[in-house]
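Participant: Can you keep this structure in mind? I'll have questions shortly.
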Amino acid sequence: MSSAVSEQRVLSGMRPTGSLHLGHYHGVLKNWVKLQHEYECFLFVADWHALTTHYEDPRVIEESVWDMVIDWLAAGINPGSATLFIQSRVPEHAELHLLLSMMTPLGWLERVPTYKDQIEQLKEKDLATYGFLGYPLLQSADILMYRAGQVPVGADQVSHIELTREVARRFNYLYGREPGFEELVEQAIQKMGKKSAKLYRSLLNKYQEQGDESALETAHALVREQQNITLSDKERLHGFIEGSGKVILPEPQALLTPASKMPGLDGRKMSKSYNNTITMRDSEDDVMHKIRTMPTDPARVRLTDAGDPEKCPVWQWHLVYSDDSTRNWVQQGCKTAGIGCLECKKPLIDSVQEELKPIRIRASEYAGNPDLVKSIVAEGCEKARDAAKQTLEEVREAMGLGYF
Ligand code: TRP
Ligand code: SF4
């Protein structure tokens with residue numbers, strides 16, 4: 001259910017644990033670039049999250065942070081449209097995480113499916129730490145801090161958004177009940193002015209008497225667009241619609257990122273640990289070499305052996321990069337041994353070079369101007385902190401820490 005949430009605000013983060021590759025580009029970055037035109041985007045480097053798994057050897061984190069920001073910019077993230085920041089430079093995230101930890105049942109964290117999965121998968125690391133158990137709660141703090149309505153994530157992260165929603169609900173339940181709530185709501189309704197007040201009441205009626213969900217949506221929207229009432233009053237009015245107390249931390253939605261079709265050079269998922277990537281900064285020569293040496297259908301030993309594209313990772317790449325006519329040419333040529341594998345790879349080399357050319361140029365511009373990159377991030381951190389401080393102030397107040 002929507003609420004006081006900034007429907008139009010998107011928040012997402014990425015862990016700095018190595019160079020970004022075409023998997024990130026096709027899977028995440030192109031999506032972010034699109035979203036930055038449709039929403040108010042806060043995008044951040046999740047360096048503390050990286051530390052939960054890389055605490056024994058954190059060097060890769062510091063080596064990756066700035067390059068990652070550069071890769072975002074090179075991919076087309078526009079610092080004029082999106083706010084870019086680094087998690088550890090907005091220490092308010094740590095305070096919110098701490099405060100949320102007070103009211104989050106241990107079982108909720110132990111039951112997040114990624115918890116046991118990751119411990120199992122990353123056996124070489126000791127993840128029996130306090131920090132790693134808290135990973136998804138830190139993520140909840142990241143999200144709730146900005147009251148983001150939409151969180152673009154892959155399917156593997158949906159359980160973390162679900163946890164975030166539960167934490168928000170519990171927080172609002174515990175701390176959104178203030179003495180005299182009903183009277184305060186009544187006063188807030190009147191502050192909206194005659195017309196809006198009347199509309200608010202009638203929408204509420206429609207929802208309560210007829211279960212009209214769209215009336216509920218409209219009522220939230222009406223509250224959201226009020227200019228003359230305080231944030232606290234808005235939270236009361238949102239909460240009243242839901243039949244709860246104040247909605248201090250609104251529940252976000254996962255904005256599921258469509259699964260990337262971009263496989264690795266060997267046909268498995270593209271991943272640094274499989275050593276099957278093309279990074280966003282690979283040189284022209286690297287790209288050529290890597291594609292030329294991609295494995296193909298093992299049945300094609302000689303040029304005269306016919307092949308089957310379904311058994312070949314190169315074909316998967318044609319599905320990403322090639323149009324119908326090229327695909328037909330591949331299907332035909334492969335099955336009749338009419339083309340060689342190097343020939344088949346040629347259009348892919350061209351497409352990847354074409355795709356990476358402007359990215360490389362922008363990346364080298366930013367890489368050559370580290371001061372510019374730092375100032376973009378510094379500005380983003382400042383903007384993020386402003387938003388974060390507002391939320392924290394209310395959270396402190398609600399949790400009884402407002403006696404300063
Ligand atoms: N856990 C996310 C990942 O591994 C990164 C992340 C941290 C994140 N905080 C977030 C994503 C907040 C979305 C919102 O991909
Ligand atoms: Fe793969 Fe193309 Fe060679 Fe067929 S011709 S095996 S699709 S590389």
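Note that the numbers count up from 1, one per residue, in the order the chain is shown.
Cβ coordinates are placed from backbone N, Cα and C, and glycine is handled just like the others.
As the structure is a computational prediction, the values presented were derived from the model and not from experiment.
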Participant: With the ranges 16-24, 205-213 to choose from, which does TrEMBL describe as motif ''HIGH' region'?
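Facilitator: That would be 16-24, the stretch labelled motif ''HIGH' region' in TrEMBL.
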Participant: When TrEMBL marks a stretch as motif ''KMSKS' region', which of 54-58, 269-273, 289-293 is it?
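Facilitator: Among 54-58, 269-273, 289-293, the range TrEMBL annotates as motif ''KMSKS' region' is 269-273.
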Participant: Hey, what's the Cβ neighbour count for SER273 (ATP binding site) at 10 Å?
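Facilitator: Neighbour count, Cβ to Cβ under the 10 Å cut-off: 8.
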Participant: Which residues of the same chain, at least 6 positions away in sequence, have a Cβ lying under 8 Å from the Cβ of LYS269 (ATP binding site)?
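Facilitator: Result: GLY23, PRO263.
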Participant: Measure from the CA atom of ASP142 (L-tryptophan binding site) to the CA atom of ARG15 (ATP binding site) and give the result in Å, rounded to a whole number.
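Facilitator: Counting only the Cα atoms, the answer is 13 Å.
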Participant: Provide, as an integer number of angstrom, the distance between the C-alpha atoms of HIS24 (ATP binding site) and ASP142 (L-tryptophan binding site).
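Facilitator: Cα to Cα, HIS24 (ATP binding site) and ASP142 (L-tryptophan binding site) are separated by 21 Å.
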